[in-house]
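S.K.: Here you go, one structure.
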């Protein structure tokens, strides 16, 4: 159902309130697919599974719901019409797969709610299932993600790429995700101002009638991956009424506190954070490795400080797992999913 501008502005604030003061995003997607046996050594990366193993996509979504997540991010991060066509698919097939990414997440939510309704004894026994607000966030990876060359971690697209280039790449894709029934659009791993400006303009030009969030990838406590100021980038997000939250993802945990503090200075919107594990991605080998010379603590131990700095939506990105999400919930609530005295079965209707 479409929302007007006012509703979009308060959408995530209302959702966070409904969740009890904070909301939890799921964790790493591609690495969980690999753990279940998927081979992602492909330019399509995780989007490959939409084509060859959609059952694994649904399973990973369910694993995160079982862990306690309030927000499922769809498997469409690297799913573009152009990318599928480069693999030999017809445009119609490509569009079907992009819509399917949302449908699989919606199916997982329906299955989870069905378990809550039909087998409430599971709740009594181990607290595993409880009805709660759950959003489907349709992932839109940056232009760098489409290139599959790691440039979402540099923001360097070359002089030939303009705002119009970026809008043309994403325009049809975004409309497909909206039409498939997503609750919110997640523009994520944004490495520069150019992408952010393109998204803000695209939302207005296409009359997108669901809200969006903008989430930046950053190289330190004050700059996005391109070297541009996080303050300037967050201000672009703040200027758009359709943007309902702004934050940071796929960024080392040690930088998050400073980034949240900065973002909170320029936005009244909810701030979201879903860092990676602190490891470094090699775009050539397409593998993650420990960051040289630095030891990253378990980022779950930082969550309380991020909340104090102004964040209200928390999750994990690359190399995090359902256990990470359980840890985040425990850090925020003092209890983990599965603790019988923690979770109250919510009879309230799903409002989002």
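Keep in mind that glycine also has a Cβ here, set from the backbone N, Cα and C atoms.
Look at TrEMBL and you will find 11-332 tagged as domain 'Hcy-binding'. Annotation comment: TrEMBL describes 250, 317, 318 as Zn(2+) binding site.
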S.K.: Around the Zn(2+) site recorded as 250, 317, 318, what other same-chain residues have a C-beta within 8 angstroms of the site's C-beta center?
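M.R.: Neighbours within 8 Å of the Cβ centroid, excluding 250, 317, 318: 28, 189, 217, 249, 251, 274, 275, 276, 277, 316, 319, 320.
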S.K.: When neighbour density is defined as the number of other C-beta atoms within 10 angstroms of a residue's C-beta, which of the binding-site residues 250, 317, 318 has the lowest density?
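M.R.: If we count Cβ atoms within 10 Å for the binding-site residues 250, 317, 318, the smallest count is at 318.
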S.K.: Compute the average pLDDT of the predicted model within the domain 'Hcy-binding' (11-332).
M.R.: 90
